[in-house]
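Novice: Before anything else, here's the structure in question.
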Amino acid sequence: MTLRLDTVSLHSRERPLLDAVSLTLHPGEIVAVIGPNGAGKSTLLRLASGLVAPTSGTVSLDGTPIGDLPPERLAARRAMLGQDSVLRARFSVAELVRLGIRPPCPPARREAIASEALRRVGLEAFAGRDVMSLSGGERQRAHLARVLAQLAPSMHAGRPGFLLLDEPISAQDLARQRLVMDIARDHARQGGGCLMVLHDLNWAASRADRILVLNHGRTCAEGAPAEVLTPDMLKTAFDIAAPRLRIHVETERPFVIPHDFARFRATTERKSASCISP
Amino acid sequence: MIIRRPGFGATMAGLAVLLLATAIAALAIGATGFGLGGLLHPGSAGRDDVAWLVLSQIRAPRVVLAALTGAALATSGAVMQGLFRNPLADPGLIGVSSGAALGAAIVIAAGGAWLGSGAIGRWGVPVGGMAGSLASTALLYLITTREGVTSTNLVILTGVALGAFAAALTGILIFRANDTALRDLTFWTMGSLAGATWTRIGLLLPFLLAAAILMAGLASPLNALLLGEADAALMGYRVERAKRLAMLGVSVATGPVVAFVGVIGFIGVVVPHLVRMVTGPDHRLVLPGSALLGAILLLTADTIARIIAIPADVPVGVVTAAIGAPLFVWLLIRLHDVDVPS
């Protein structure tokens, strides 16, 4: 069970959006896609989902070209949380989540899948709420619940699929960022694969098995977080001057400090002339 | 804001009962003053045969045609609004109604010359209407589809243009028509159910049945489309096929109806909104709910049209617009928004 992108390119009229990018997503794995704005991260996810066909190269799921799969089968094997999921109707949160479960599905089972998905994203108390009345972060998690519900039937049948998440923590507070990252981790532990676009390098560093760095539509680096997150790469891809890197003593994973570390003090330390400016 | 919804069974049962009551009232009320009572107590008036004739051959087919027409237009409106995610969409907006009117007008204008009163004559008008609506839908589809993808925004804009063009051609036919044809043609521009006969209903039924079958499978895809085309596709729905089926279903439902009763506005736009206010946006309720409420409202409007200026028969399209428009504006002001914002 793999989701494979083989030297895929996508060209718009003016410019290449993605140029010969390859990536294989295995079961049980989280791959984070990072890169500056406009690097082609969302485009990569849209290609991986089969929503857009590449100009050249192939996207295949378990060896079958993704375009050859019937839409229903594809939907049972992969689900995607877009960046701009909009709902143009007054659905309740539970109704929105149930939309993700394709018929035929017995009503009681739909109900069970939906409430389980809502519990996972921490919205079980919001089931009856109007989706339009939610905050941005709540709405993003409601759509995440819909995406989880889409994969739930095949998950229960022992065929966990692929989660494609485009900036799933962009609207989340600190605690909910952790919640969403834990959901991705759980999904991978249960044998699914997760490909997620992240802007927070430290979440990528601490939770991803591999990181793919895109820049100008090309692969800039790919590998384990410690291999990829280097000062040189950060300078090249993000144009951050002199970022500092620390390594976690237990996990050996890198931690990026994009500021001048020497200018900060711990909150418990007393003020001293050396570390504050007036 | 917690959302509460009435159950599917309760909503449909309530609407069905209301439809039955409206139909009975419509049968009982009319210009001749024969009530249903005369039939229930035979021998009391001595005019039973006439009363029976009025009821069975004039009022009853008109009641059935009004209900079928209302159901067809309202359901088509609900499908269009869901498909285009546009609160103003109805078969009229994308030119399906104008195409149907043009097709039927061509048959009528040519009718004096070569159509008899036989099978060709009876089938000619609905088939003309159907051909007109299908032709305008096909043209619309061809213009707005590139590499298998139909642009819904383009459909609306092109539909408006095609509709205006078809209306202009119909106008030319009216301008050049002889007196007989002119009377028949004018009758569409305002819409009227006065021509209802059992034969016409028999001709209409196969089309409406076919449209109902086409639309029955659209509820789930239309629900998914409320999330946008990309998310609907990601959820495994065949978005382009749903668009084709929806456009085909709407033209099959609208074409023959327009051919028989003319262009009746407002039912297609207003009814789905009224239904959504109660049921919410789920098309599994909105579609059958619109069919029932459309039938109820057009039946009511037609009953008003029959009795408001006895012995004259006011065109029902005038009544639906005269009552529907202010009612709709009042509802919009009260609710301040609708459930399918663009």
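Each Cβ is built from the backbone N, Cα and C atoms, and glycine gets one as well.
TrEMBL does not curate its annotations; it predicts them automatically.
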Novice: Transmembrane segment per TrEMBL sits at which of B:226-243, B:316-333?
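Specialist: Of B:226-243, B:316-333, TrEMBL gives transmembrane segment for B:316-333.
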Novice: I'm validating the feature mapping. Which of B:30-51, B:96-117 is tagged transmembrane segment in TrEMBL?
Specialist: B:96-117
Novice: Determine which recorded stretch among B:63-84, B:123-142, B:154-177, B:197-224, B:316-333 has the most C-beta pairs below 8 angstroms with the transmembrane segment (B:245-271).
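Specialist: Result: B:63-84.
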Novice: With Cβ-Cβ distances below 8 Å as the criterion, list the same-chain residues six or more beyond the ends of the transmembrane segment (B:123-142) that contact it, or say none.
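Specialist: Non-local partners: 94-108, 111, 115, 150, 155, 158-159, 162-163, 166, 200, 203-204, 207, 244, 247-248, 250-252, 254-260.
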Novice: Are there residues at least six beyond either end of the transmembrane segment (B:316-333) with Cβ under 8 Å to its Cβ atoms? List them, or say none.
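Specialist: Residues 66, 190-193, 261-267, 269-270, 273-274, 277, 297-298, 301-302, 304-305, 308.
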Novice: Within the same chain, where does the transmembrane segment (B:154-177) have neighbours whose Cβ lies under 8 angstroms from its own Cβ atoms, ignoring anything closer than 6 residues to its ends? I mean 6 or more beyond.
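Specialist: Cβ under 8 Å, 6 or more out: 84, 86, 89, 92-99, 101-102, 105-106, 109, 132, 136, 139-140, 143-144, 185-186, 189, 247.
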Novice: For the transmembrane segment (B:63-84), find every same-chain residue at least 6 residues outside the stretch whose CB is under 8 Å from a CB in it, and list them.
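Specialist: For the transmembrane segment (B:63-84), the list is 19, 23, 26-27, 90-91, 93-94, 96, 152, 155-156, 193, 196, 200-201, 204-205, 208, 211-212, 215, 218, 222-223, 225-226, 242-243, 246-247, 249-250, 253-254, 257, 260-261, 264, 267-269, 271-272, 275, 283, 286-287, 290-299, 301-302, 316, 340.
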